[in-house]
């Protein structure tokens, strides 16, 4: 930490026509306020978590150095594996659907074949304003198998609706909440990216006589690759950090949503219900590492696709 | 801007250096629970002296008991020198998390806190709470019902002033039973018969529900069947669901679940209240603190409810259990222990204070009010004019002794749904589910330094 | 760690896309409206709106009405007024505290985070100094850290510093927005031409003045976009305030509302306030929606920045 702060800029740099090496330090001055908060609020707790993960603290007997024992335990912990597998499945199914819908909406709004596209754009984005806790509470009411809105509608039109909070459906139910919240958000990122495709490309396509759909595939999609990568990376992070939605729904489905339903919930319950702060830190660090690896794989795949 | 592997290694090295520096700085001072505790430096005389002390002491008090503020106001008006600030820091487990964090961090904990009986041993074990025996208050025993006093005991001391209790009571819809022409069950055999009658009348309905995520509810039913799965002696813990009482409970509920006579569903949510409201559930077996919740959540069913003591396993042999209830504990790290003890004692024993809490919907823990004729004779319109307190007091007297909670019950309860609860939800043998629970909490207990056996 | 840095990487690569004003007109003349597309998009619109509509409709119901009326239509008694009155008076009007707290946390946290991210992103994009790449890599890596990994250590740290159960415990972590920094970094690279900076420097302006008088204006869309994200993130934050705050008077809306929702699950004569939870949720969302609409034209272009680069 100290090494960063001691390298603060000398004051004399604020002169006109600063030579490059002086301006270097000015640059650091711009970054320093952010760095100070970043180190204090993220880096220091992170290193503290790493430190904690090398100890064990018992209700009887107190704290002692444990080396990599927590990591060894976590790597073979079936409960962690189940959680990781579940968020991977979630990622593999929910994210393509969400991004697919977002992409479709972005292309549709961008196509110019839609009336009142401004209204569509802002309306699809509105659910993003709903805090995930509130979104989960709301959808929880609607999912209720006895009295929820979905059941009421099913009954009204004579269709048997499944129990959305049962073991076989609950992941779908959670996926729906996340999709609902973030489709508009992803749509906007993709749409903004589409808006910045230079006109010449379209003109060239028009000369070629390409139709709307061919234009979409040959010009828009390749141009969207970076934006799609960005939204995918965000979705990887979002999937692996899944917490609020299942945690709120747990009040309605106490056995289908276990205390280790997602790795994040597992880490939370270890720390706060089991007082296993140290083990929890190790679990959280492993989850972070897996997230990095999956994000990197997504990056690799995207690169490979480009060639 | 690719970072090469060599640079990546440099990052790692820097990280390690920083880690070691941090480690050196914090020096493992976060043990937290080793010092303090006991509270032996305060005596009963100090507590009385605190009442007349000059200057103003402000006490921080955490509780989520609803409508408690009027009671606290009574105290604050009468004691200008000891002002109590009431904070609702979250329901049950949320509050324990915060309390545990504050204790671990060494700051931010209140002077007093409401702690449910099941969580008390955990805090007592960490020597985070003042033992009433250490401060000369063990003679309070006579003020409380036997089961209340037993529930604040942990190890060699009593760690809280019993505030309210929850003797199990069977609340039932008299209108439904009447329509079916059946009497309220007094034994579990009769309960099964009534449950089948309800199912036969309408397959959509249930006699009651059971919450597969609620360890407390299942504990109470096991207790009521004379099962005693947990026993604690210092750091020696025994966990065994193999005893006769537990097995009786498991077999009965296997039947109730496999015949779909009870609904396996979470409690306390919108769907639960709607089911009680619509008659989909005919009963609710829970603590005697429930009437307030019933009245406010489903006011439209007023007049059709009745209360009765729990069905028993052997006719003529009353046996009951507690469900919920909590005590007021003084934190060992409090700087105002004497004043805090004075307030807590008043809250649990002063007749005006107890009455104010009864008015707020709590079922009391003091023996005097249980014999009070006004209390016993009070009728409730919600229960069709029944003098329900008579039932509740009988239920309280029937509570059988010898039940113990684990010194890590908060954790145990948090994994109940993952293990035992699965058996309820999937209609597999409950005994197997309880075994899975037993295994998991045994592993945890051993990992935490207890000596756990399964005899 | 090595891998993440490559994720949004290669900032030095030449900017492929022409972002200099060559945008297509909003609606192309060759296009006619497509019925199929309209129908599909209307379905998506319904998907987004129906739950919000449900919230609006159910905010008008009493607790009793919630229990026995159809979810997507009004109950017999229209109680929105009563609910709103009760919302702001229940438990001594604590909802007003929550609302003001949320505005404070999101305002100070969001604006502060945006300022820090803008300064930092600009500094990283326009200057080269030792350790710059490390900062970038660290910031990008930080985006993948699970919240729970930081919760306990942050709590213990803040507790020692006496910050727990104060507004600072929520505001300080909100000030660090790695995503904001990244977005401003990309945006600065793209939208502030080097030639303008050189011109300002030749005029003898200090770097700070150059930033304030020349660059900041060009950065406005990016600034607004980051502001939107950081405000929304803080407004919707649940986990951190839940752990850090014990005094309900300091709660933000999310924690307060969830506590009300859990209140029906407490023993004794606790009052069920589902109606207030729903009305309170609605009131919690409205300010954000207003902000969305108000800032709409700014964040459109700012958003593109983070997405067009690779």
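Here the Cβ of each residue, glycine as well, is placed from N, Cα and C on the backbone.
Curation plays no part in TrEMBL annotations; they are all automatic predictions.
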Looking at A:63-86, A:87-110, I want to know which stretch TrEMBL calls transmembrane segment.
A:87-110
Before we move on, state whether the transmembrane segment (A:279-298) and the transmembrane segment (A:164-185) share at least 3 Cβ pairs under 8 Å, counting only pairs 6 or more apart in sequence.
no
Going along the chain, which residues at least six beyond the ends of the transmembrane segment (A:87-110) come within the CB cut-off of under 8 Å?
117, 120-121, 124, 171, 174-175, 178-179, 182-191, 194-195, 216, 220, 224, 228, 231-232, 235-236, 239-240, 242, 262-263, 294
Looking only at residues six or more beyond either end of the transmembrane segment (A:164-185), which have a C-beta under 8 A from one in the stretch?
86, 89-90, 93-94, 97-98, 101-102, 105, 123-128, 130, 132, 135-136, 139, 143-145, 148, 150, 235, 238, 242, 245-246, 249, 252-253, 256-257
